[in-house]
Amino acid sequence: MSQKELWYETLHANFGQYFSVENVLYREKTEHQDLVIFENPELGRVMALDGVVQTTERDEFIYHEMMTHVPLLAHGQAKKVLIIGGGDGAMLREVSRHKNIEQITMVEIDAGVVEFCRQYLPNHSAGAYDDPRFKLVIDDGVNFVNQTTEKFDVIISDCTDPIGPGESLFTSVFYEGCARSLNEGGIFVAQNGVCFLQQDEAVNSHNKLSHYFSDVSFYQAAIPTYYGGIMTFAWATQNPALRQLDLATLQNRFAQAGLACRYYNPAIHVGSFALPQYLLDALTTIPKVIGVDSSE
């Protein structure tokens, strides 16, 4: 029996995971990132950037449903949505399922990601790039939110881990720009890593976001591909009531939206905001910082 090729993730120095590779479909080092897509017998097509798995066909729906339907249904009346990152198109796919949304803007730093994902991960976008409400902007996310005069109801930061090009999307200057770019009652969400292994990410995000939003918290979802299992998402708004909607309200909005999901449902929505005690403890011991260094 021939030995299978193995691909090793390099996110963590002392532990990690590997994937068997049936076929490498695409590999290219662009100006910004080292991109690879390969096929795995259990997870389907896998995309990795700079040695870190970003998405797989098998479980991407969990991540994308929770990053979109939680803020959109909590808001209830979103018309304009901004996606930072999301070049694989799956975030756009889920947002576009909400027919009440009038405009979807996506800012992606790397045009190469969009191009090769449309070809090699077509199920992620599922035709959403052709939605007439969609506008693609090739730009740095930090630059966009600090230069635009547009306002949005929901901003979704589909960022990579805070290394390389994704690092700037965890800074105070980015969070400040997002807060300024939201309409009244707007919601900001962002991926914040696997908290059990990357707790500092959540603590740092909470500390910085709290300077610009009066209600900052997190919600979670179980996503097998991401080593450690439980992915944490940052949540920030000026209206704490949006995080505390009752189940009946969410069930009504979910029914009106006509959504059929594979992971998200209103009960999952409510339960996702229940955080483990170790995270609550870490957040309550954050030292108070006087002043904000926008370069951090």
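Every residue gets a Cβ built from N, Cα and C, even glycine.
Note that the structure is a prediction, hence the values are computed from the model and not measured.
Quick look at what Swiss-Prot lists:
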ACT_SITE  Asp158  active site, proton acceptor
BINDING   Gln33, Glu108, Asp140, Gly141, Pro165  S-methyl-5'-thioadenosine binding site
BINDING   His64, Asp88, Asp158, Cys159, Thr160, Asp161  spermidine binding site
DOMAIN    5-238  domain 'PABS'
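Feature map: annotations from Swiss-Prot on the structure.
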residue: Gln33; record: S-methyl-5'-thioadenosine binding site; Cβ within 10 Å: 21
residue: His64; record: spermidine binding site; Cβ within 10 Å: 25
residue: Asp88; record: spermidine binding site; Cβ within 10 Å: 26
residue: Glu108; record: S-methyl-5'-thioadenosine binding site; Cβ within 10 Å: 23
residue: Asp140; record: S-methyl-5'-thioadenosine binding site; Cβ within 10 Å: 18
residue: Gly141; record: S-methyl-5'-thioadenosine binding site; Cβ within 10 Å: 26
residue: Asp158; record: active site, proton acceptor; Cβ within 10 Å: 27
residue: Cys159; record: spermidine binding site; Cβ within 10 Å: 22
Separation of alpha carbons, Asp88 (spermidine binding site) and Gln33 (S-methyl-5'-thioadenosine binding site) (Å): 14
Inter-residue C-alpha distance, Gly141 (S-methyl-5'-thioadenosine binding site) and the residue listed as 'active site, proton acceptor' (nearest angstrom): 10
From recorded positions Glu108, Asp140, Asp158, the one whose Cα lies nearest His64 (spermidine binding site): Asp158
Secondary-structure category, per DSSP, in which Asp158 (active site, proton acceptor) falls: strand
